[in-house]
């Protein structure tokens with residue numbers, strides 16, 4: 001296949017942050033090159049990346065499992081202990097139900113792709129609802145990305161406060177959480193100016209490795225450093241079930257890009273095995289973090305369990321720094337699809353050539369403005385738990401469970417048994433109710449705070 005225009009290449013490189021790719025698999029997670037917005041403006045574009053060819057269908061079974069597993073673990077996994085402490089051990093049932101529903105959603109989208117010969121998730125939306133399906137999916141993807149970036153910035157600020165616990169520190173009148181959020185903004189800012197994203201996209205694997213490293217350090221701290229596992233945890237706290245739902249719907253939210261993992265496989269017929277294996281491992285990891293973290297710290301469990309670990313311990317230092325570096329490696333990659341889309345529009349109205357320094361400067365200003373907007377969101381809502389609960393309960397569950405079920409029924413309701421029709425309706429209904437409940441609770445908490 002032919003090479004992509006340079007601007008589309010940067011979108012592809014940026015969206016690879018959601019998927020660890022083999023050297024032969026150059027297909028992006030969100031397939032931004034296929035959005036309706038089109039192509040680069042005439043005269044070139046500001047993105048300095050080399051041409052890259054599509055090469056779908058090159059991933060082995062093992063690579064597909066790794067891709068899927070890395071997609072399913074992240075900062076949300078570190079909140080599993082918080083979810084269990086809030087909802088009680090009943091939260092483990094919420095976790096398993098959420099994982100099952102997301103597995104079903106992924107399966108339905110892949111079935112739709114097979115039967116309609118759709119190229120990706122957006123294409124399935126277009127075939128189900130030609131007028132607005134693609135626009136709706138793309139809009140939800142971008143809202144999801146922006147929400148994740150706000151959460152990343154808050155997480156980074158919280159972690160920096162944990163590393164440098166100086167409540168009296170005052171710089172230019174800024175102090176406390178506000179100060180460290182602004183410092184996180186300054187640390188990340190140069191990375192969003194970086195143009196050759198195809199090079200740093202492979203750092204996305206660090207996200208998965210850092211989470212596993214943090215979990216190992218958590219276990220080491222509990223056993224070797226004598227923190228212990230003796231804190232009491234409730235069995236069932238019904239009022240807090242929406243909190244657990246929000247956390248876990250966010251944790252599995254990247255399943256919306258599973259269709260791209262499916263498309264990248266040499267043997268797509270084994271994708272169900274890939275999903276089952278990766279979901280099982282990710283769910284087990286969440287169970288371990290949930291149980292271990294909650295019985296280690298009890299009522300003091302924080303939204304990110306690594307923040308409970310005593311900073312003086314070696315295991316704590318490793319876990320904290322590993323988690324801190326994750327947003328730094330991911331931020332530019334996540335922001336790139338949105339910034340490229342806006343740059344593409346802006347370039348059409350600029351009086352300079354697309355490859356000129358003035359245009360590059362304008363693009364840097366645009367990216368800086370986007371990051372400022374994200375930082376303002378982080379300063380306005382500096383509560384990591386509430387952010388992930390809101391994104392998970394509103395956008396993630398909609399993209400990963402509700403839309404796949406609706407699209408499947410719209411396309412094939414006349415061809416499936418009534419029992420399957422009813423089962424999918426139940427999944428959609430339960431997901432919608434849980435999403436509404438989680439959204440309301442998270443918004444109420446944000447307003448209260």
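Note: Cβ is positioned from N, Cα and C throughout, glycine not excepted.
Heads up, TrEMBL stuff is auto-annotated, nobody curated it.
Listed features, source TrEMBL:
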type	residues	note
DOMAIN	58-438	domain 'Amino acid transporter transmembrane'
TRANSMEM	64-84	transmembrane segment
TRANSMEM	90-111	transmembrane segment
TRANSMEM	132-154	transmembrane segment
TRANSMEM	174-193	transmembrane segment
TRANSMEM	200-223	transmembrane segment
TRANSMEM	243-262	transmembrane segment
TRANSMEM	274-298	transmembrane segment
TRANSMEM	318-340	transmembrane segment
TRANSMEM	361-384	transmembrane segment
TRANSMEM	390-409	transmembrane segment
TRANSMEM	421-443	transmembrane segment
Outside the transmembrane segment (274-298), six or more residues from its ends: residues with CB under 8 Å to it: 61, 64-65, 68-69, 71-73, 77-78, 80-85, 89, 91-92, 95-96, 99, 102-103, 106-107, 212, 215, 218-219, 221-222, 227-233, 248, 251-252, 258, 261, 265, 305, 308
Contact check, the transmembrane segment (174-193) vs the transmembrane segment (361-384), 3+ Cβ pairs under 8 Å, seq sep 6+: yes
Intrachain neighbours beyond the transmembrane segment (390-409), with Cβ under 8 angstroms and 6 or more residues off its ends: 76, 101-102, 104-106, 108-109, 111-112, 124-125, 128-129, 133, 136-137, 140-141, 143-144, 147-148, 151, 242, 245-253, 255-256, 421, 424-425, 427-428, 431-432, 434-439, 441-443, 446
Which of 64-84, 90-111, 243-262, 421-443 contacts the transmembrane segment (318-340) most, counting Cβ pairs under 8 Å: 64-84
